[in-house]
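Asks: Here you go, one structure.
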């Protein structure tokens, strides 16, 4: 691993012209550290799902024949926050649990992962969601969501938001699932709009026309502590949450049509959009990777990240800079948490100011490590593990 790409150490300042490990110079500019001082906002604040994953401890076994299970913290936004914390970033989650033992477990697990849980609150009338899965490597992992009659994380109200905390976050991460029902939809869009207004308005919450989605100082690649770096929209498409199931009565096409205008509204506030090909189709109507990226950029973001599964990942900036990298080969055990590990590593690299190609390789490697493990949240890698995999 070259010095230019090395991980930032939060709180470490440059001395006597020495740059911190995470800083990158593009043309000899001053180095900038990745940490924040007292009273600074979190590095990453995510908003969205939280719950309990109940995963079988046997692979290749149908759920009805599984004999033992493990209990893990779950939810995509929550896993991204855990992934960022594992990489040394200060993270927090905005979500809701039930007022029940599983809700207590979620708080205990968040604290155990060093994720700030101040914005995770109980909703008495709904149970904490539980998710079961089946594990058939390398690419079949059916999920069974228990979120009825309604998931508490969809009960976030606009008036409950700590808008100052959202504005102060260097990266703010929202998901498509948060848009699927009220009041969460209104709260998510309100949070995005407030962040825009706090950082100049018109979708500029961390926008930097000349960088990798980061807010840089002069010609320095690394993000400046205390400034917004990015507002990320994780397209996170779950058609059953939009009524494409027996209970909802919609077809998959009808669910997609209902979601698209709401996704477009969120994209107008985002500086980074990330999703797989199916998720990009929901947002843009496109399926070809480059067309997806261009359509996402046209909707507002400065950086589009299109995950292509076995074909790797494509990232395109509005200025035309692009990087396409292949997947990192591993023996897959459970692919369910790979995208969240990718997301946490994406945030980590945006904060460090890494160049686009290295950022994608690093995020891919983080996702590959989780795919090679059984769980999601507890499987999130530390920086040294990602670096070791990249080093070969």
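Glycine is no exception: its Cβ is also placed from the backbone N, Cα and C atoms.
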Asks: Of the residue ranges 146-171, 172-197, 198-223, which one carries the region 'Disordered' annotation in TrEMBL?
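Replies: That would be 198-223, per the region 'Disordered' entry in TrEMBL.
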Asks: How does the model score the domain 'Carbohydrate kinase PfkB' (43-200) in terms of mean pLDDT?
Replies: 98
Asks: Using DSSP, what's the helix, strand and coil tally for the domain 'Carbohydrate kinase PfkB' (259-381)?
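Replies: DSSP composition of the domain 'Carbohydrate kinase PfkB' (259-381): 67 helix, 19 strand, 37 coil.
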